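So the structure is just underneath, and the comments pick up after that.
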Amino acid sequence: MRYLTAGESHGPGLTTIIEGLPAGMPLLAEDVNKELKRRQGGHGRGARMRIEKDQVQITAGIRHGKTLGAPVAMFVENKDWKHWETVMSIEPVPEKNEKSRRVSRPRPGHADLVGGMKYGHNDMRNVLERSSARETTVRVAAGAVAKKLLHELGIEVAGHVLEIGGTRANLTRDYAVAEIQETSEASPVRCLDGVAAEEMMQKIDDAKKNGDTIGGIVEVVVGGVPAGLGSYVQWDKKLDAKIARAIVSINAFKGAEFGVGFEAARKPGSEVMDEILWSKEDGYTRRTNNLGGFEGGMTNGMPIVVRGVMKPIPTLYKPLQSVDIDSKETFNASVERSDSCAVPAASVVAEAVVAWEVAVAVLEKFDGDRFDTLKKHVEEHRNLTKEF
């Protein structure tokens, strides 16, 4: 299973095409729209989210509420397009309009300058329109489809914010997926710790007042995962590696870790490895989950626990120093409309990309042509691993 996305931040809209879904899987536009709505929320979002009311148009691959096994095409309209029709026109425009909203002063930390160099664009709007996090709208749409597939197989995904601007949630126990879903949805910053959430919101407000931005850390937990997804036999078949790539591919994300993550480097092996248990009711489990549900690049049946770190958004309302590519003189960087903090929204994007990789791994391991046989094979596999 794979997908491609297309579209610019201020173009007519965004498109994704998914190939490889099994036939007969229940899927409605509402399954996607509820995830799009979640992405648009969160304390710290900018004015753009007051304009856009993202709704998906499914234009292919589904009939009467079920997938056909053919490619699924989805489109999300950019309502702000009406203000950008000349600037972002697909057709040629009069010469006097060609330089409207031209960007010649790249923003530090963004794709502007290097993208312009790479593709030979003397207007870096050609770069920023595609490199914008607006593209994650359709990544969330694709992830919503993956989450629906996983849900039907008894696999659930939840994300939450662990840290913003140096304020970290004080979590003294592990949370079940359903509990994460319920608690995070009730928080303006998608945080499980109410006290920390208040401090996070204050830091976001302070950053906005100062024309600055702040980043943070998000965590995604996947429960009900069968053992044996991914493989140890080749480096590129390891599922944790694929998830790490997916996390770091999200705009502004700079790293990923599983389980205790980098803390494992500071502990002896006896405090890191998860002891193996067995019971007739549950089969093989682990006493702890320090490795985040992975051993040898494969799921071990414990919940997947992965975290991603997001840098502050590069667009600053008090811009840093840059250089004009025309004159080579020093100027302040360009300013585009942006958020002061998008970490809460990014947790929804992280859910989407993790769900996608897990869904792909499920379809790689089991028959993926028909959804009814897929469900049967997953259940058979669960029983086999329990009895091993």
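Positions of Cβ are set from backbone N, Cα and C atoms, glycine also.
Noted in Swiss-Prot for the protein shown:
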- Arg39, Arg45: NADP(+) binding site (BINDING)
- 95-118: region 'Disordered' (REGION)
- Arg130, Ser131, Ser132, Asn251, Ala252, Gly296, Lys311, Pro312, Ile313, Pro314, Thr315, Arg337: FMN binding site (BINDING)
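Locations of recorded Swiss-Prot features on the structure.
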{"residue": "Arg39", "record": "NADP(+) binding site", "Cβ contacts under 8 Å, 6 or more apart": "Asp54, Thr136, Thr137, Val140, Ala345, Val348, Val349"}
{"residue": "Arg130", "record": "FMN binding site", "Cβ contacts under 8 Å, 6 or more apart": "Glu8, Ser9"}
{"residue": "Ser132", "record": "FMN binding site", "Cβ contacts under 8 Å, 6 or more apart": "Glu8, Ser9, Asn251"}
{"residue": "Ala252", "record": "FMN binding site", "Cβ contacts under 8 Å, 6 or more apart": "Ala133, Gly215, Met310, Lys311, Pro312, Ile313, Pro314, Ala342, Ala346"}
{"residue": "Thr315", "record": "FMN binding site", "Cβ contacts under 8 Å, 6 or more apart": "Arg107, His110, Thr213, Val335, Glu336, Arg337, Ser338"}
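With helix defined as DSSP H, G or I and strand as E or B, the region 'Disordered' (95-118) counts 11 helix, 0 strand, 13 coil. Using a 10 Å radius centred on the Cβ of Ile313 (FMN binding site) and all shown protein chains, the other Cβ atoms total 26. Max Cα-Cα distance over the annotated FMN binders (Arg130, Ser131, Ser132, Asn251, Ala252, Gly296, Lys311, Pro312, Ile313, Pro314, Thr315, Arg337) is 44 Å. According to DSSP, Ala252 (FMN binding site) is assigned to coil rather than to any helix or strand.
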